[in-house]
């Protein structure tokens, strides 16, 4: 109703105070220091082991990290909303057996149908998580810890002592993850496509920004009229759907599916996501960070394997390197932060 | 004189009736927040809504903002009865709300925060148009004539910048009613001035402005009409000329206050706290003062003058670079709050929610925190002693609560502040440093806090008081020292103090103010 004189001025002509240059912005980005950590690790392992810097080995690393990225994207969405999903290991396990068993028992079923069915089952499992969290307001850590056991229990009951092996599966099923394009394995291509879509969603859509916003300040989201419940539910469903897809890939990649598939995998995924800078307090993080986080964990795991670290010590050293990488990352960020503060005052 | 709701207002109003609220009722569980709320808002008027905390002001604001829905009552906007179901609908009706506490997303940028208040611009691909988001943000900022970096994350902004952003967000081209819920709490004088200019400009354009607050000086400077509510009921409404600050307070608290800030005369005892040449690089330098037992020393100054830092230095929260602290005639070294407490110092910090109390815990938990080691029996915490401590303080300080087990977060601001006071009084201090003890609490609670402080002075405590409310500081202190940018200014020893001289000294508008 009221037009102010000032607003008639074209916005482009306005002078903006202390605007940052593009380069400075890159250095302030959370992911920049993580990429530096990743590069440092690659250089370190290349020096320590001549076999590390080879095409075959990099193929191994990207294959290894792909399932973590796929599941990690769903978990990141949940973390953005200031919730957590620790049930992914069991969701992957249950859907992996379901999909492999379905395909083995119905060899004529088109593979796409198996994939969709597995994703749908994952979606239902995620919807159970999300429904309880969003409507009953039970803390998500409790809900998903509970379903971690429930879903694993269903998996065990379903699978019993049976296992599905590569021989029971169709050739298409067995190669769904391992076909290559320009040397990149298919499983990595899936991860990149999903990451690309997720990135555009989070960065460039109103819905994506709403998801981050409600995690950043739930109270403000309520006052701004953001439908928080719906987004929280949606994030959990997505986490389930991606776990369902990862379940199919798991069977294809490892060739053996029994009731213990992906046990403990939820912690690997959470580690990658958190190393990748996604805040457990919600509202902060990026899909790029998830990829870098998964890459850092894979580089460490494979690098240490090539160094012939004793099996007994492997896990301890792996943990040590992760902590060291994070300390290095925080060190870099503090320096950037100090500089930023210096520039402001 | 004043108009009782229900009767037709006889005063001339600047414009047509825009929003009319009547018979409003809102209950939260067993608590009735609004019993009978009514208010009429006209185009082109600044309407002040006054009331103590708990009077139902914020609930009324939230109803108009579409955040809560009333149980009964009618809301008429532009001649039509409406139901406001959600914040978007409220905005669509031309209602813009600036909330008391900034409703911002700290992890998102300035531009994005503005986007969430507006319709988001999309490009042809159906994605957010960042150019549009940016342009909208810049356009919104020109309305207020402020320029923040649109790409800065909100968590990196100062609290004043955040408050400005909140106002920027609220205003739109369609704003017909602007509601400001205590907007000036975090703003500096200069920013308040620019806010006043914006309000004047919007008013001249026919926007109705509802100003919710309890800073009476601002209300009387700004408002055309005043409505006072108490206990969820609208008490009076009328043109500002019909009110005086005293009568407004009387309506707000429901009884005439002889004096809002009681001052009990105490004959001061011996000097108990003395600082000599106290210095902290970059914060304050060469500070000298002494305080007697039973005396209240007021430290006056603008925000950032170093008063809080001096208090933190004495309490051992920050290291001091030079100077001496003398307590009871003996120089002492204080490196930590534990040292300070050993010497009988208690410090009630400025930001009570961050440093003073644990909101999610009970009154009992908070009160026993500082003295838990004295509440034991056979080495274990004695529930009887623990409870006894809380009950006695709840009674002594008049904390309005359902009991010691109630969470502090459920209390009003004034009662929270009493819990903070009680927590420190439980340590049985000789020296009490109070940093802005009435920040964000209403007149009634202020009065009670100062009554308690006066009683403490009577009991022989040595009190150092810091307050940003000069009026209060001058009413309560026995002596006042001014500070300006970390330097000590004049000392005023004779009550009643000359407010203008004190103000001149703390703002250095006069280069040399002589101590009187």
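Just so it is clear, glycine is given a Cβ too, placed from its N, Cα and C backbone atoms.
Looking at A:149-175, A:176-202, the stretch flagged in TrEMBL as transmembrane segment turns out to be A:176-202. Feature transmembrane segment, per TrEMBL, maps to range A:32-49 of the set A:32-49, A:86-103. Long-range Cβ contacts of the transmembrane segment (A:111-136) within its own chain (Cβ-Cβ under 8 Å, at least 6 residues beyond either end) map to 74, 83, 85, 87, 91, 94-95, 98-99, 102-103, 143-144, 147, 151, 170, 172-173, 176, 229-230, 232-245, 247-248. Count of Cβ pairs under 8 Å against the transmembrane segment (A:312-332): among A:61-80, A:176-202, A:231-250, A:262-280, A:287-306, the largest is for A:287-306. The transmembrane segment (A:61-80) makes no contact with the transmembrane segment (A:32-49): fewer than 3 of their CB pairs lie within 8 A, with pairs spaced 6 or more apart in sequence.
Among A:32-49, A:231-250, A:262-280, A:262-280 has the largest number of CB pairs under 8 A with the transmembrane segment (A:287-306). Through the fold, the transmembrane segment (A:176-202) approaches residues 55, 59, 62-63, 65-67, 69-70, 73, 76-77, 80, 111, 115, 208-209, 211-212, 242, 245, 248-249, 252-253, 286-288, 290-291 of its own chain, all at least 6 residues removed from its boundaries and within a Cβ separation under 8 Å. Residues 26, 275-277, 289, 292-293, 295-296, 299-300, 303, 306-307, 321, 325, 328-329, 332-333, 336 of the same chain sit 6 or more residues outside the transmembrane segment (A:32-49) yet have a Cβ under 8 Å from a Cβ within it.
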